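What Swiss-Prot lists as site 'Part of a proton relay during catalysis' is THR43, TYR106, and the listing cites sequence analysis. Per Swiss-Prot, pyruvate binding site is recorded for THR44, ILE205, and the stated evidence type is sequence analysis. Summarising the annotation, Swiss-Prot assigns active site, proton donor/acceptor to TYR132 and lists sequence analysis as the type of evidence. Marked as active site, schiff-base intermediate with substrate by Swiss-Prot: LYS160.
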Amino acid sequence: MFRGAASAVITPFKGNEIDYDSFDKFLKFQLDSGINGLIVLGTTGEAPTVTSEERREIISFAVKKVGGRVPVIIGTGSNSTAHSIELSQEAFELGADGVLVVTPYYNKPTQEGLYRHYEAIAKSVPGHVIIYNVPGRTGIDIIPETVLRCAQIENIVGIKEASGNQAQVDELLRLKAKVRPEFKIWSGNDDQAFHLVCSGGDGVISVLSNVAPSQTVEMIAAALEGDLEKAREIHLKLFPLMKALFIETNPIPVKFATHLLGFGSETLRLPLTEASKRTREVVKKAMQDCGVLR
């Protein structure tokens, strides 16, 4: 599994349909920019509001377009273990390289329940499983000790860590060095990716890289190579854009940003709505200041 920067990509819409022409151009833009991986149908890809048929079509389209150049990882999380297994099996049948599985939301399982959830999924699929911890969205936090229990299952290969808790990340890094050093830890927060990699993490699964892929790749590569001065310089330059992309619920701002770059409309599906006037102003200025939009 990759080290570096992977994009959690948008899903472009045209009216109420998937805009495959824009998706094709967008995936090419990502690949040409040197991105290290693509996460399709995650939070940023508006997975909750695509139909089962659309899911299959989107996965097949992305796998074919990428053609093995980078890993294609599909979001298959659910608060039903059986449903997540079904989605994960389908993703692998359609050619995915891995699945990204968010912790179950709303029903708030215990740490034992979380372990059994991931264990059941991992045992049901032939490929890589990545845990996704984002308690701000799910209402549940998978703690480092539980993550490391999961890491002892061979095909659970890493975690997208978006708790926002650096102490928790540090504890995870400390523990994994003893249990399974090759287990990957990616930041799920763009504004903390530099710090996570400097602490020994493996990269970022990024929203920022939807609009600044080459810069994100360069920043993470520099940090992984130990060129902290270069990585810090890029991080600080991009920091206002990182913040701008989250002034409203993701993916509202980034959908507007990719629209400005020419990758389809800014259409989102309800209950998400288009960016406010203030968000548009802030995002556009941040893009211009960072040099990603002229």
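Yeah, the Cβs are placed from backbone N, Cα and C, and that goes for glycine too.
Most Cβ neighbours within 10 Å among the recorded positions THR43, TYR106, TYR132, LYS160, ILE205: this distinction goes to ILE205.
Distance between Cα atoms for ILE205 (pyruvate binding site) and TYR106 (site 'Part of a proton relay during catalysis'): 23 Å, as a whole number. For THR44 (pyruvate binding site), the same-chain residues lying six or more positions away in sequence with a CB closer than 8 A to its CB are ALA8, VAL9, ILE10, VAL207, ASN210, ASN250, PRO251, VAL254.
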